[in-house]
Amino acid sequence: MMSYQQTKYWSVDNIVDNLIESKEIQEAAAFLREGKLVAFPTETVYGLGASARSDEAVTSIFTAKGRPADNPLIVHISQQKDVYNFTKSVPEKAEKLMEKFWPGALTIILAHNGRLSTKVTAGLSTVGLRMPDHPVALALIEASGEPIAAPSANRSGRPSPTTAAHTAEDLQGRIAGIVDGGATGLGVESTVIDCSGELPIILRPGGVTQSQLEAVIGRVEVDQSLTEEAAPRSPGMKYKHYAPEAPLTLVDGDEDFFRSCVRKHKENGEKVGLILFPALASMEADAVYILSDNRIETTARELYSALRTFKKSEVDHILMQAVPADELGFAVMNRLVKAAGGRILTQ
Ligand code: TXA
Ligand code: MG
């Protein structure tokens, strides 16, 4: 069931002093307490929030996104101490990670104590917890007085939203409200690390890198499915993800190889869209998105926006050069390979 509803907009200024007392945050927080869905900015991507204690509210997240019910949601909190309200025990390594990286782009998986809706955790014995590093997100969570379940605020399968406009593109009329706090800074989602077992395991690469984690807690494993084809442990990783409107192909090679791949697609009579690094900015195509610079932070920040630029009516195929899959590039390539459905041309 998804009837049309009016979506309310609040535009907030991130830097005002008592954001939490503002009319906008108070109204949005009241919606959350009433079990309604409110999208909001975090430092990674926009999230689609609902009270993580309400079965009904959480179920409506899955409906609005068209998300499979077996894919658990991250629970967002505004204070580190809230972790103890929802977990059975917190290992020392998890505590160290929270101290170092919260608020920030790190989701920590721990055994839960049953106080959250079972819909949030998709029936698993663990829950993913995160304290986002964004003044609007923190003010909203705090004002609501609730733990907030929030997946990325896109329709399932689409690139994650990094602006309120992207969020509206996917969810307008399907959710109660959107808090607009401007474009998000990081652009890729949080790193998901499972701390419920002996050895911490990265289930999803993201804003906090493996070497940053290892500098704090020593050895960290990377889930097999991230480096090879294997059964995914993070339930979300098995579904189609981040897909643009037209098929995307990654090109792993130098500039000449990229040019030759583009030429082949054009010769096939395809309308081609290109995501380009500045060095190739002069290349011609039916549509282009030129990244602002070569830094991996910039690619991460602009990636989802770039993927959303290309419309089915304008291009048949999108091409982009691959980036080195280390540090933040590991997260960027993880998203790109999924967005491309695994299509990579290698030199
Ligand atoms: O940056 C982010 O993490 C954003 C913002 C809004 O906070 N949220 C986000 O949520 O990316 P979502 O639902 O799009 O991705 C959550 C990922 C999924 O791959 C899900 O399967 C995994 O985290 N996850 C959540 N709870 C889990 C659990 N208990 N065990 C294993 N994986 C879990
Ligand atoms: Mg998502």
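Yeah, the Cβs are placed from backbone N, Cα and C, and that goes for glycine too.
Remember, TrEMBL labels are computer predictions, not curated facts.
Since we're looking at a predicted model, the values are computed, not measured.
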Matching residue for the ATP site, where TrEMBL names Arg67, Asn71, Thr126, Ser152, Ser160, Arg204 - out of Tyr9, Tyr242: Tyr242
Site co-member for L-threonine according to TrEMBL, given His76, Arg130, Ala150, Ser190, out of Thr44, Thr209, Thr227, Thr249: Thr44
L-threonine site shell beyond Thr44, His76, Arg130, Ala150, Ser190, criterion: Cβ within 8 Å of Cβ centroid: Thr42, Gly47, Ile74, Ala105, Thr107, Pro132, Ala137, Glu189
Those binding-site residues of Thr44, His76, Arg130, Ala150, Ser190 having Cα within 10 angstroms of Arg204 (ATP binding site): Ser190
Distance, Arg67 (ATP binding site) to Thr44 (L-threonine binding site) (CA atoms, angstrom): 20
Cα separation, Ser160 (ATP binding site) to Ser190 (L-threonine binding site) (Å, whole number): 12
Binding-site residues compared (Arg67, His76, Arg130, Arg204) - the one with the fewest other Cβ atoms within 10 Å: Arg67
When distances run from the Cα of Arg67 (ATP binding site) to each of the binding-site residues His76, Arg130, Ala150, the nearest one: Ala150
Intrachain C-beta neighbours of Ala150 (L-threonine binding site), sequence separation six or more, cut-off 8 angstroms: Phe40, Thr42, Gly47, Leu48, Gly49, Ala50, Ile61, Leu73, Ile74, His76
